[in-house]
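Visitor: I'd like to ask you about the structure that follows.
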Amino acid sequence: MSKVRAASYLRAQTNMGNEDDRIRPVHEGDGEPLFETRRKTGRVIAYRVFSASVFGCICLIWFYRMTVPVEIGENRTGLDRLIWLVMLVVEIWFGFYWVVTQASRWNPVWRFTFSDRLSRRYGKDLPKLDVFVCTADPVIEPPLLVVNTVLSVAALDYPAEKLAVYLSDDGGSELTFYALTEAAEFAKTWVPFCKRFNVEPTSPAAYLSSQANGLDSTAEEVAKMYKEMAVRIETVARLGRVPEEARLKYGDGFSQWDADATRRNHGTILQILVDGREESEIAIPTLVYLSREKRPQHHHNFKAGAMNALLRVSSKITGGRIILNLDCDMYANNSKSARDALCILLDEKEGKEIAFVQFPQCFDNVTRNDLYGSMMRVISDVDFLGLDGNGGSLYIGTGCFHRRDVICGRKYGEEEEEEESERIQEPEMVKALAGCTYEENSQWGKEMGVKYGCPVEDVITGLAIQCRGWKSAYLNPGKKAFLGVAPTNLHQMLVQQRRWSEGDFQILLSEYSPVWYGKGKISLGLILGYCCYCLWAPSSVPVLIYTVLTSLCLFKGIPLFPKVSSLWFIPFGYVTIAANAYSLAEFLWCGGTFRGWWNEQRMWLYRRTSSFLFGFMDTIKKLLGVSESAFVITAKVAEEEAAERYKEEVMEFGVESPMFILLGTLGMLNLFCFAAAVMRLAYGDGGDFKAMGLQFVITGVLVIINWPLYEGMLLRKDRGKMPMSVTVKSVVLALSACTCLAFL
């Protein structure tokens, strides 16, 4: 696509829709704002005072490291001095990173919408909304899960004739297509039922499981229909083949699969299962299935490529001016979420500068104490509010409402040109837009659509939009807009975090680094906000060094911190106690529990010493040309026994992984070093504790926090325990490290 052709396409997106889709307020004189932005000044001032006190103590710690002699007596060696220098460098990094994180906390804002004003002002004259649901593997992402998401957004509180739902199936699976055909039939019952009885949530599975008090006769009939549909879909998924009667009924769709088609080698498959643009007795949204063309010789750019194909195809079918994109497991929990987003995007005063509205990523399957820290409560309820106050939240790839013309490349301040986009009724005429050669010599993935070349394409796309002059808004209502499926075992969580940290670090080192790409385009606070996440991967190195050195030096009897009786102990003690106490209070304020906070501290330790470290190494290897980035899909299902252990908050290991070997080695190293120090203390005069009190505390806390790890390695017998091979390797490596140190 030439630049001229790209510009022409962009103009078409700018005024997507015909004359009827242009938004005009019903009550022109109603000047009330559709949303409100609030700041809590008193709380912010209190936090700034607290953070200033912490920073003062951090500076004292740096001063101590640089000016106070090593407290190990006259016989200190070159190794001792090296360790002291390493501690200085590590603590400088911790202080620097802490300062960076404060950018997300100094200027938080809260958004409140007035959907009743939206209804009075616009009535049903709302912009067309296209919903993109993306899936890629019918095994990891079961078809029944996918269609529940599709049905949930089809039943949003939105005019059916203005709503379209597109399912992008990057797996090119007949099983997923079959499930969608079943959902299309069931939608004729489900959508009117939801609208009539104000059903919440609008996912059939979630709604039926929430009705503990039973159902009335109408709901019972709907539930029966859903269960019958679910049985058919699950049976087909289990057998791996579609029944002949279904093939005959939807012959136009199934005939698009060639006999030799595979998930990585097939033509474009496009089918409009429900055309909401046509007059019908039952008003349900347009429902479209798309599996873009894939060929082995063409790179398909993962989810970003699927999103861009959806942008082009949908522009010729329904052309919604607003785009909502969702992961296939993120069902609509609040049917009014679209109206809440439009309160911001359609506000006459402040809404014109907002490019996208981001909702938090929440989950409905987390345990009471959030065993794997999946909710990331503080990030969702605190940090993102601060990013919003600095110019806009990150785009996190799901639960986000975009302006179509903006995501397709329009800069802030550019005039909208009066040009209509031609609608095409026949899917065959649109297929070329999803072809694998369509983007060659074009601006797609560069200046248009979702960016390519990064595992976290969503973050880099949002940054590029903000650097074009736009702002974004973060909306976190009391009733969560969308709920998904969180990882249910430790390995899934670590793999997911590895991909995120790798992608964020790649952004930092790329041409789109917020440090230089955002300079002069976005605020310094927002640049630092992005850096909080871009520095996840490199922060793993100092954390690993700190945890290992603290334990090994305790084992060897080398003090790293001031004596408990020294005045220099005060800044170390204050930072340790104050930071953790505030962290706990903040977590409880966000709705968590004490055990939930403790679990989250464990998960941050595990992420920083495994996921982020591997993400760091993966990025370095990619820069050296040794390896390429890969997009790993997180599994959305678990076996029955594992699911039961998850409900009981028993940590799941079960597989052999390099990350588990590293965690196991570090855990056993902490245990051996702490045990040796305690034995030395028991047979000594207590001098060790006076000289190394803080090391005892840090290593002891590491041992306590690793208790589930020790259980999995040494005590448990179920299938979720740590594999014996991992345990043996970890023990051998930890013992070897202690043995080598003993002879130094």
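Numbers here mean position along the shown chain, with the first residue as 1.
Cβ atoms are placed via backbone N, Cα and C, with glycine included.
Just so you know, TrEMBL annotations never went through curation; they're auto-generated.
TrEMBL feature annotations, pasted as is:
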- Asp170: active site (ACT_SITE)
- Asp458: active site (ACT_SITE)
- Glu141, Asp170: UDP-alpha-D-glucose binding site (BINDING)
- Lys303, Asp327: Mn(2+) binding site (BINDING)
- 45-63: transmembrane segment (TRANSMEM)
- 83-100: transmembrane segment (TRANSMEM)
- 527-549: transmembrane segment (TRANSMEM)
- 569-591: transmembrane segment (TRANSMEM)
- 658-679: transmembrane segment (TRANSMEM)
- 691-710: transmembrane segment (TRANSMEM)
Visitor: Count the other Cβ atoms sitting within 10 Å of the Cβ of Asp458 (active site), across every protein chain shown.
Guide: 23
Visitor: Please tell me whether the transmembrane segment (569-591) and the transmembrane segment (45-63) touch - that is, whether there are at least 3 C-beta pairs under 8 Å between them, with each pair 6 or more apart in sequence.
Guide: yes
Visitor: So, taking each listed stretch (83-100, 527-549, 691-710) in turn and counting its Cβ pairs to the transmembrane segment (45-63) that are under 8 angstroms, which one gives the highest count?
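Guide: Stretch with maximum Cβ contacts: 83-100.
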Visitor: Can you tell me how many other Cβ atoms are located within 10 Å of the Cβ belonging to Lys303 (Mn(2+) binding site)?
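Guide: For Lys303 (Mn(2+) binding site), the count of other Cβ atoms within 10 Å is 22.
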Visitor: Restricting to the same chain and to residues at least six past its boundaries, which positions have a Cβ under 8 Å from a Cβ of the transmembrane segment (83-100)?
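Guide: Distant contacts of the transmembrane segment (83-100): 54-55, 58-59, 61-62, 65-66, 70, 528, 531-532, 535, 539, 542, 545-546, 549, 553, 558, 560.
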Visitor: Over all shown protein chains, what is the count of other CB atoms within 10 A of the CB belonging to Glu141 (UDP-alpha-D-glucose binding site)?
Guide: 26
Visitor: Measuring Cα to Cα, how many angstrom lie between Glu141 (UDP-alpha-D-glucose binding site) and Asp458 (active site)?
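Guide: One finds 20 Å between the Cα atoms of these residues.
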Visitor: Only counting partners 6 or more residues apart, tell me which same-chain residues put their Cβ under 8 Å from the Cβ of Asp170 (active site).
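Guide: Set apart from Asp170 (active site) by at least 6 residues yet with Cβ under 8 Å, we have Cys134, Thr135, Ala136, Arg263, Ser291, Arg292, Lys294, His300, Phe302, Lys303, Ala306.
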Visitor: Taking the Cβ of Asp327 (Mn(2+) binding site) as the reference point, list residues of the same chain whose Cβ is under 8 angstroms away and which are at least six residues distant in sequence.
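Guide: Long-range Cβ contacts: Val133, Cys134, Thr149, Gly397, Thr398, Gly484.
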